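J.: Before I ask anything, let me first share the structure, which is written out below as structure tokens.
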Amino acid sequence: MASSTGALDAPGAAPTPPSNDQHKADNKTTTGATASNVSLTDDAVGDAPINPLNLEDDDATYKLIRRKVDLRLCTIAGILCSLNLLDSGVLSSAAVTTMLSDLGLDVGNRFSISIFIFTISSIVFQLPSTIAVRLLGPRIWFSVITFLFGLITLLTGFVKTWQQMIALRILLGAAMAGIFPGLAYLISTWYPRQEQQLRFAFMQSGEVIILATGSLGMCTCVIGIVTYWWMVDFPENSDKSFRFLTREEADIVAGRIEKDRGDVIAQKFSVMEVLKHAKDLKIWAFACLFFMQNIVSTALAYFVPIILQNGLGYSSDAAIILSAPPYYYAIVPVLLSSWYADRFRIRGPVITFNATCLITGFAVLGFAGNSGARYFGVFLATGAYVANWAALTAYQANNVVGQWKRVFTAAACTMFNGAGGIAGSFIVRNLEAPHYTTAVWVSIGSHLLMISLVGLLTAHFYFANRSLRRTGKILEQTEGFRFTY
């Protein structure tokens with residue numbers, strides 16, 4: 001199958017990065033005329049010199065280094081994501097116990113408000129928290145926020161009123177705000193574009209740890225401390241990480257990234273250097289895709305136990321147990337679809353396929369008369385959602401250049417993701433049991449819109465790439481860059 005972009009060639013055939021003058025004018029990155037002449041300047045973030053080796057002769061070495069990065073970075077990223085979902089989803093399991101009535105969360109819309117307020121808090125802190133990953137370093141920032149949200153989760157076991165629970169949900173949202181956008185940003189800095197979706201899939205697959213982890217808060221606090229040594233720094237400084245890469249190995253990785261898109265080095269931080277990227281409309285298109293995505297995911301994460309109990313007639317214990325298998329199953333579609341997408345260097349068609357599977361899953365869940373068939377619909381919808389999270393994250397990461405633009409895009413997408421969560425927290429209505437018509441139709445409609453928007457972006461990227469071939473127009477202010485679709 002032909003690639004949908006000319007930018008994802010083998011490393012030895014990658015386009016020449018832009019000149020120093022071009023990068024200084026854009027105030028993004030600093031690179032020489034070739035990837036073997038890269039160095040930090042006084043304006044750049046970080047202090048490690050980069051002198052990439054002759055990468056055309058280092059394929060075998062690079063594969064060994066990539067395996068080390070996969071094992072170190074993707075494992076801790078998956079664990080942090082799973083703990084994030086564990087601690088934020090405490091109320092989902094509690095919804096089928098007596099906790100809601102004990103705290104008075106079953107009165108009016110208090111339960112939905114507790115979900116809503118967590119999301120609002122998370123949205124507010126996502127951009128600052130993602131910026132902190134770059135400024136303070138991944139090792140420090142991820143260890144601090146992981147410890148904090150573990151501690152806050154522990155404290156939820158001691159609340160006596162619904163007001164105290166709401167207050168802790170606000171603090172929890174703030175502490176956890178940087179996990180998803182920060183990890184998505186960090187992983188995108190480590191891999192060439194044709195390798196990213198499978199790595200996002202590795203991270204997303206960590207969700208299944210949710211189902212096997214106990215003692216949530218304490219476990220998270222301990223892992224927060226361990227994260228300081230387990231987490232890795234950005235490629236140009238990765239030799240400083242605990243027992244990780246040598247300086248030479250870090251140079252090889254940095255050189256590959258520089259050849260792929262020329263944005264290894266970030267310029268000195270300023271608010272305007274980040275916010276200027278708000279003028280790029282495609283970033284908001286990506287963000288809208290995440291909004292449509294998370295309308296569904298929030299419904300699944302928070303209300304599947306309720307659907308299983310009220311809609312399918314299972315006991316509260318069985319509802320919690322039966323919420324787990326769909327997430328185990330989701331590992332299969334996310335890994336297979338991501339491997340295929342990276343292998344053939346495509347993004348839009350995979351997103352469309354996953355969205356179609358999710359539409360089918362919700363149609364079965366909403367309209368089938370047999371309980372077994374409806375439970376199968378939960379499997380199909382959950383697998384499609386998890387697979388599309390990795391696909392959408394790779395889609396946005398593949399089509400922006402520059403460290404601060406990556407920070408802004410990751411944060412914007414996660415903020416809209418949270419806004420979708422606000423909508424999703426209100427679409428499952430107990431009065432509509434057992435078919436939950438509103439949730440079904442909103443979920444189907446959001447993914448029909450997703451397919452349409454991906455089609456528009458694909459057309460835009462196609463014509464932009466064709467314009468580059470015909471006129472030599474520079475895309476993303478980076479010579480040789482082409483969009484991936």
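Note that Cβ sites are derived from N, Cα and C of the backbone, with glycine treated the same way.
Straight from TrEMBL, here's the annotation block:
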type	residues	note
COMPBIAS	28-38	compositional bias 'Polar residues'
REGION	1-38	region 'Disordered'
TRANSMEM	71-91	transmembrane segment
TRANSMEM	111-133	transmembrane segment
TRANSMEM	140-159	transmembrane segment
TRANSMEM	165-187	transmembrane segment
TRANSMEM	208-231	transmembrane segment
TRANSMEM	283-304	transmembrane segment
TRANSMEM	350-369	transmembrane segment
TRANSMEM	375-395	transmembrane segment
TRANSMEM	407-428	transmembrane segment
TRANSMEM	440-463	transmembrane segment
J.: Are there at least 3 C-beta pairs under 8 angstroms linking the transmembrane segment (140-159) and the transmembrane segment (407-428), leaving out pairs fewer than 6 apart in sequence?
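T.: Per Cβ check, the transmembrane segment (407-428) does not touch the transmembrane segment (140-159).
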J.: For the transmembrane segment (440-463), could you work out the same-chain residues 6 or more beyond its ends whose Cβ comes under 8 Å from its Cβ atoms?
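T.: Distal contacts: 4-5, 282, 285, 288-289, 292-293, 295-296, 299, 348, 351-352, 355-356, 358-359, 362-363, 365-367, 381, 399, 420, 423, 427, 483-485.
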J.: Taking a Cβ cut-off under 8 Å, which residues six or more beyond the ends of the transmembrane segment (165-187) line up next to it in the same chain?
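T.: Here the qualifying positions are 73-74, 77, 80-81, 84, 87-88, 103, 105, 113-114, 117-126, 128-130, 132-134, 138, 141-142, 145-146, 148-149, 152-153, 155-156, 159, 196, 199-200, 203, 234, 393, 397, 406-407, 410-411, 413-414, 417.
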